[in-house]
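Now, the feature entries from TrEMBL:
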type	residues	note
ACT_SITE	H241	active site, proton acceptor
BINDING	G17, G18, T19, G20, D21, L22, A23, R24, R51, K149	NADP(+) binding site
BINDING	H179, K183, E217, D236, K336	substrate binding site
DOMAIN	14-188	domain 'Glucose-6-phosphate dehydrogenase NAD-binding'
DOMAIN	190-484	domain 'Glucose-6-phosphate dehydrogenase C-terminal'
REGION	457-477	region 'Disordered'
Amino acid sequence: MVSRVIPVDPFDLVIFGGTGDLARRKILPGLFRRFIAGQMPPEARIIGAARTDMDSAGYREMIAGAIDEFGGIDTPPAGTLDAFLAQLEYVTIDAKGEAGWAELQELMKGTGRVEAYYFSVAPSLFGDLAERLQHWGMADVDARIVVEKPFGRDLATAKALNGTLAKYFNEDQIYRIDHYLGKETVQNLMAVRFGNMLFEPLWNAQYVDHIQITVAETVGVGGRGEYYDKSGAMRDMVQNHLMQLLCLIAMEPPARFDPDAVRDEKLKVIRALDPVLPHHIMRGQYEAEAGQEGTHPSYREAVGDPRSKTESFIALKTQISNWRWSGTPFYLRTGKRMAARSSEISVVFKETPHSIFGPDAGQHRNVLSIRLQPNEGITLGVTIKEPGPGGMRLIDVPLDMTFAEALDDDAEHVDAYERLIMDVIRGNQTLFMRGDEVEAAWAWTDPIIHGWEARGEVPKPYDSGSNGTTDSHELMRRDGREWRKVSL
Ligand code: BG6
């Protein structure tokens, strides 16, 4: 299946932090892939802006290296790399001072193109950048700014950040990134729910026993220990990525697939979430990998604090208090150094009200599993008769739809960042978080974090390569349920 690529309007994209990790690993290689796909018009310009003293030629060389290292493209079609690099410029700039701003202003003057400014820098610089953009006449009503997570570390800081940005930009100019919303299967979740008649009538507490969301990673905190130890899994993953998945799986059908209709419905879900009880949340820290302590140290060693109380794993149970979901628990789990890299949402349906097949048939539940990564796809567990003679024995078999197989492998793989940047240029905010959504998510998260801080709770250890802490399994078992296996 060949995908249709519609070029976006000509644009100027300024990337503050243009020499940083995210720019080199994700943003620029992603833009190059869009260039190859024919989505980037030849008039478009990408302007890297950072403190490093460098000229445009030096920047092009740096980005060529980054594309080679992180682009995932074996041999780019002839001439494409040079043509792409020719669209790149660089400005040495001081986010907190005056250096470089006149030059940037000159570059951006009256181009008549879409203007976007990507803040790929520490959140402490967001205010400085926004203020200077306005001061230098670059914050006109058509300009867009893109901001990365973390968006605050609690409700107060998120509100302050929203307040600062609102001084210079309207909400419809602000694109808050949660890269999970740019993942193909995450969008497919909406297509499956709202494009099929099959599921929606069953999508409620009457038929759904519970829903589990697992985002398991095999990586540890690596070189990000300093950032991570101040965040932990709750702030790094649950408040944003898992919360977004929860919203998409639980929200009411929006009237239209447009930014505010979708975000209004997500906001209602977050606001209907019950507070999490202390015994419904388990935290863990990974231990060193047996036999590989040097390369795979424990969490505390990796962050260099033998007394760290930050969690690298979390499992929790929550409820949504509304008509659709009252009585259906939602279990969320995420962690580093787990058994496999696997993100999955499972909708576990209730058993049939009465089994006509007698006690030997066993208990069976349909499970709809939406695998976000890897092997994106959807599986529906269906109960059938075990083939052969000997009576009526029931077994569960998967109706499996792995997207790569169902859709041919030449279906284009678009990375989350590529998709989201193109949406910024198109002016489509559907897959970006609105300010009130982020604040509502923090309002739910804050009391949980304050609770364990006040109680001085220490995360429990769990083995590297496992499925998390022992008590996270208890959380399920005492409800008569179990986590789905974390596997590829
Ligand atoms: C980031 C977190 O937002 O998401 C990381 O800061 C995490 O800690 C990453 O590893 C996971 O993203 P993905 O796309 O690899 O699932």
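Quick reminder: no glycine exception, Cβ is built from N, Cα and C everywhere.
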Most Cβ neighbours within 10 Å, among the binding-site residues D21, E217, D236, goes to D236
Same-chain residues at least 6 beyond the ends of the region 'Disordered' (457-477) with a Cβ under 8 Å from one of its Cβ atoms are 216, 218, 220, 280, 282-290, 296, 298, 309-313, 315-317, 331, 333, 335, 337-339, 483, 485-486
Hits among G17, D21, R51, K183, D236, i.e. binding-site residues with CB under 6 Å from ligand 1, come out as D236
Same-chain residues at least 6 positions away from G17 (NADP(+) binding site) with a Cβ under 8 Å from its Cβ, in sequence order, are A23, A49, A50, Y118, F119, S120, V121
Widest Cα pair spacing in Å over the listed substrate contacts H179, K183, E217, D236, K336 is 20
By the 10 Å Cβ-neighbour count, the most surrounded of the binding-site residues H179, K336 is K336
G17, G18, T19, G20, D21, L22, A23, R24, R51, K149 bind NADP(+) per the record; greatest CA separation between any two, in Å, is 21
Taking DSSP H, G, I as helix and E, B as strand, the region 'Disordered' (457-477) contains 8 helix, 4 strand, 9 coil
For K183 (substrate binding site), the nonlocal same-chain Cβ neighbours (under 8 Å, six or more residues apart) come out as L372, Q373, A416
For the recorded positions listed (R51, H241), most other Cβ atoms within 10 Å of the Cβ sits at H241
Candidates T19, D21, R51 (binding-site residues); nearest Cα to D236 (substrate binding site) turns out to be D21
Among the binding-site residues listed as T19, H179, E217, the Cα nearest the Cα of H241 (active site, proton acceptor) belongs to H179
The answer, for which of the binding-site residues T19, A23 has its Cβ ringed by the most other Cβ atoms inside 10 Å, is A23
The binding-site residues listed are H179, E217, K336; by CA-CA distance, the one closest to D21 (NADP(+) binding site) is H179
